[in-house]
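Visitor: Pasting a structure here, questions to come.
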């Protein structure tokens, strides 16, 4: 059996050896849920890697967004170069789900842009799970959405050895059945080309290698792995497996059965509409469904085939879909990174998806079976788990309840770094006081993070400091991930010194050059100033030996006191350990590398070098265009359950509409 081989020049240090031993023993013992409370910079990823290597079982690492997933993917690939480390996130660069708005009788057609690189990585992930056990999949919550039956996916793959009796034409038919496209001119992933008795296949899970199958009559004469660009042979093979180009594939028998069930359900639904005199809905449903059936009959596929997945999977109404979790063997281990965020994300996906699809079904755009093309409910998700390890610096109540309150602590950092010193100062003159601290800190070549409560405050503070000569930028929710990564890289390289943000300076911001974190209006109780948020924000200063935090507040709230107490407790443990072992704290040394540069996404945000265009400078003629753009962004944000951003956009729209009335 394949084993995980951990490749690292480092040995576990600090609290890591104890945490690795306790978690590994818990898994072997059969503990269903465990919690790893690991402070920022304590090497939680390295601990997870050691646990995986120790228990030698397939693992799913669940991250709260694509950015952190990409970071973890890069780190695990470095730690396990000889094993299958895969990446499974949503493959959409842009996604507009189909929707119907009854009040305006507006149907919005599905529109999307698929990232080919991520699609390749998704196929590589499912292929690895079906062919080996030394697999680590790093995923976002995309893993709870339906992707088709693993049994059908496995059954439809093509496997042959050199010397097999296998006709060339038979191979071509099978390739078409599993959604490969013949293209003799543009050879790319998911296509094949034919040159006499030679068939070349570009597998869906590959980006740089293709297969060449040479026939002699009806015999497989030779199999080679080739460079698809140059056409040269890389290596000779004795066997070869080609997996489907889509996760939604089915045998001809399954397809015929599914189409018959669709026709039966269509007849019943049409009768239901007609009995209620809903003739427009009946005509609409019949036209759309019959078109899809014709496409399935001819091509074995249709646009939006995922809405019929229940029929292909043989599921009953209401039964959960097959997801990535069903591709794992039963004994897999789940690691939930930043669990205080990720767990709640899993729970929220089902409800938003359901309400949109119910409208489509009620107005005749989809059969009721479309409701079963959905993410898992939270209960269905937990039913599919074997053993879980929740990883966070601030575990939430759910995780603690699941583990019975038992927590494996990882408070001591391998670098000997202490939690930052926290100082509370009055908020009355916070801007000018912070300016003095910023100048002192940047004079030493160190960086500063500043977190505010509102976008306007972030903008105004940035403008004010920039006018005074401070090299400053700010993070806000209109900036996409690629820009965000570039901004953080620029901060680390010293292109600027101060980064201002709102709720974006918490999890996953790994910047060792930052020695000062300033929290403005720290005494304003709420989501952004909860104890958990404050601890996470303070953690951004924990990778620098000079790390410190200034909370600007006129009173010490309960959340602030909890943060102060927890930080003091951790510092006491860390100082005692360093004294006992003669350790001198050292700032984390981290290279400026970019992970997974080809991947684009929209889960996190970056910063513009200048503030956005203010409403005051918009002419009356420009306002309608601006309102239309903002309204679309607001609806998109609401669909993604980003209600804080949607509310902010709503307020901007209201201001612009009021301004238009004044100007006209």
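These residue numbers are counts, starting from 1, taken along the chain as shown.
Placement of Cβ uses the backbone N, Cα and C atoms for every residue, glycine included.
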Visitor: Motif 'Beta-hairpin' per Swiss-Prot: which of the ranges 43-66, 67-90, 91-114, 115-138 is that?
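Guide: Spelled out, Swiss-Prot records motif 'Beta-hairpin' over residues 91-114, not the other listed ranges.
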Visitor: If you count the C-beta atoms lying within 10 Å of each candidate's C-beta, which of the binding-site residues 40, 42, 45 ends up with the smallest number?
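Guide: Least crowded of the binding-site residues 40, 42, 45, by Cβ count within 10 Å, is 45.
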Visitor: Determine which residues of this chain, when 38, 39, 40, 41, 42, 43, 44, 45 are set aside, have a Cβ within 8 Å of the centroid of the ATP site's Cβ atoms, and list them as they appear in the sequence.
Guide: 47, 393, 410, 413
Visitor: Give me the non-local Cβ neighbours of residue 43 (ATP binding site): same chain, 6+ apart in sequence, Cβ-Cβ under 8 Å, ordered along the sequence.
Guide: 12, 14, 16, 410, 413, 414
Visitor: Mind giving me a neighbour count for residue 38 (ATP binding site)? Other Cβ atoms within 10 Å of its Cβ, every protein chain shown.
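Guide: Cβ-Cβ neighbours of residue 38 (ATP binding site) within 10 Å number 25.
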Visitor: For the domain 'Helicase C-terminal' (430-596), what's the model's average pLDDT?
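Guide: Mean pLDDT for the domain 'Helicase C-terminal' (430-596): 86.
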Visitor: Please classify the secondary structure at residue 41 (ATP binding site) using three-state DSSP.
Guide: coil
Visitor: Per DSSP, what is the residue tally for the domain 'UVR' (624-659) in helix, strand and coil?
Guide: 33 helix, 0 strand, 3 coil
Visitor: Near residue 41 (ATP binding site), how many other Cβ atoms are within 10 Å of its Cβ?
Guide: 22
